[in-house]
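Have a look at the structure below, then the notes.
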């Protein structure tokens, strides 16, 4: 009994101060035959055997009560194969299990179990897996915490989108109205553009037809000997610049007829001065257009303008430097205009006098240029004729300057007449000018379109009359016999 009590006391003390080596030796090493007879005594030590059995049972219970490292509830950690799915780890809080009376009362056994658990080594794979899972769980926690804030803000702000939607619907109606109006304007602009394009194409076609008609008339005039040039067919002698000018001049004549009809209608309808002023200003702008066309044509072919093939035959009778004389135009106006004040008459006569002086100066300059050209071409060449022709070409190029100065004089005369006269007098003045040149063109058309049979009948009648006179005179001569 004494030996048994001592063994219990020893067991109690070992529960508190049991060395780790003894426990490790008891767990891993089986008692050998030498252990019973350790002290060399033949008696069997039941106290030591009881102590070993108790410690082995305590270790077994602690291992059963020890929670798993990464999982709870007996489930092992599962690794999901899809990277988008988080790795689920089951962590369980340590729960106190009811232990036996020896474990609940012995604090030493609890310390021993905690020490043994902490001292148990962990496998390398499990530690590596645990380190890889920890940042992943942290990132998931951060993302869930950050995504949780906008979700709450979105749940708190449903009224604001409804207000924005209401505003959008009201502004959408306004935008729809603006869009419809703009679409209507675009359709109208496209329609007008198509009409202008169609009119331009028709105008080009009519100009082409008129150009072909002019070529036919020129060819017929050359065949009849009425064309003064008389140097072959018109095709090779007309340059591209001259042909373009003829086409543009034909278009200008059409616009001139339209402006004349507007002025005539305005005067007959007794329009107001403001409305009539618009018509007169439009005609002046139309009159300036012909001078611009002539300036372009003079650079291309100055002889075409000087000869005046672009004009009607009756107009060519009064041509002066590729146009009309301003002084002759003023004479026509003075004879046709009435109810002019003395101041207006003085201004018109002063304009006529200055125009005549400018015409004489330009005419003298043109005569000097012609004489210089004659002297250059008539002089005998010193070495060869190339230098002589170069000088002659330089003198011919001066013709363009004379044409430009003559057109400036005509343009200034028309603008001065507009300043001297009133609006209605200016409208009447331009109507007289337009009708005068219209009659000249009509006279030329009548003369060119006269039938050939009339000419033949006139020649036949003249020849018959001559023959009759000869016969009658011969009869009278032989009547005495």
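Just so you know, glycine gets a Cβ as well, placed from its N, Cα and C.
Between the listed ranges 52-72, 178-198, 220-240, Swiss-Prot ties the annotation region 'Basic motif' to 178-198. As stated in Swiss-Prot, the feature motif 'Nuclear localization signal' covers range 165-172 out of the listed 85-92, 133-140, 157-164, 165-172. If you take every residue in the motif 'Nuclear localization signal' (165-172) and average the pLDDT, you get 49.
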